[in-house]
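Taken from Swiss-Prot, the feature [4Fe-4S] cluster 1 binding site covers Cys68, Cys73, Cys79, Ser308. According to Swiss-Prot, the [4Fe-4S] cluster 2 binding site annotation covers Cys94, Cys98, Cys101. For 80-297, the entry in Swiss-Prot reads domain 'Radical SAM core', with the evidence type sequence analysis.
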Amino acid sequence: MNRPERLQPGVKLRDADKVARIPVKIVPSERETMLRKPDWLRVKLPASNQRILEIKAALRKNGLHSVCEEASCPNLSECFNHGTATFMILGAICTRRCPFCDVAHGRPLKPDAEEPVKLAQTIRDMKLKYVVITSVDRDDLRDGGAQHFADCIREIRKLNPDIKIETLVPDFRGRIDAALDILSAEPPDVFNHNLETAPAHYRKARPGANYQWSLDLLKRFKERHPHIPTKSGLMMGLGETNEEIAEVLRDLRSHNVEMLTLGQYLQPSKFHLPVVRYVPPAEFDELKVLADELGFTHAACGPMVRSSYHADLQAQGKEVK
């Protein structure tokens, strides 16, 4: 059996090169076998893209990344056009290789020590009031990147004292307590970590992750910061049943998670996990009713919902679909 070639630092692996390195074989989808997108998933482009160009220019100027671009989010046009963005720190190369995700895999470069300051300056220049900070997985770092998160939060608040910050963190595999110790010095206004799918689908969708570890991360943060909302998100359409999703919602509530996002999985390329089905809006509505009954303070459920989609409105408790 041939061993994978040694990864070179800074080289991005995408599509076939990326998924070739996971234990579950992904068969490239043929066009005739791919499900046709239903009408409710048609993305409307904005009338003006000027704001989008301005935000992209600001990101390029400071060498920053947005998960909106790196993960090929379908809501990029809408969010950018409304002057919001989710910033991705710690580079654009992930040490994991989840086959649902379009972010590149490889050996990341060392963290940019100037990134926290550049990020804070960019947010000030963009006059944002609510930001989401996320990252690639950095299993190569002793703290999983926790200190860099804390540094970014601190610098952002120095230049933007009235801002609200949501963090969408990785699972800090094997380093949960150490990471939370570090983050306790600079806690966010909302703490988000996505479970992504039901536990039965972790082996194919989240190689290297563990369902219970992710639940424990959310619960332990909440135990340390009982007044800070915790949040998690799930994709639908990977082959899970609605009852499996319902059970995940119950698990989240039993681990004191208060905010929820449910959205439709979209296949980034033929080399990624295929869409098993497109979930009708009515089923998202039914799960929204269940989430409310379970006691989530806010649940955004709909085909186009993503974890950071209109995150400011989610934090305010306003309906997002």
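Positions of Cβ are set from backbone N, Cα and C atoms, glycine also.
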Other same-chain residues whose Cβ falls within 8 Å of the Cβ centroid of Cys94, Cys98, Cys101, the recorded [4Fe-4S] cluster 2 site, in sequence order: Arg96, Arg97, Pro99, Phe100, Asp102, Val103, His105, Val136, Asp137
Alpha-carbon spacing, Cys98 ([4Fe-4S] cluster 2 binding site) to Ser308 ([4Fe-4S] cluster 1 binding site), which is rounded to whole Å: 19
Ser308 ([4Fe-4S] cluster 1 binding site) to Cys101 ([4Fe-4S] cluster 2 binding site) - Cα separation in whole Å: 15
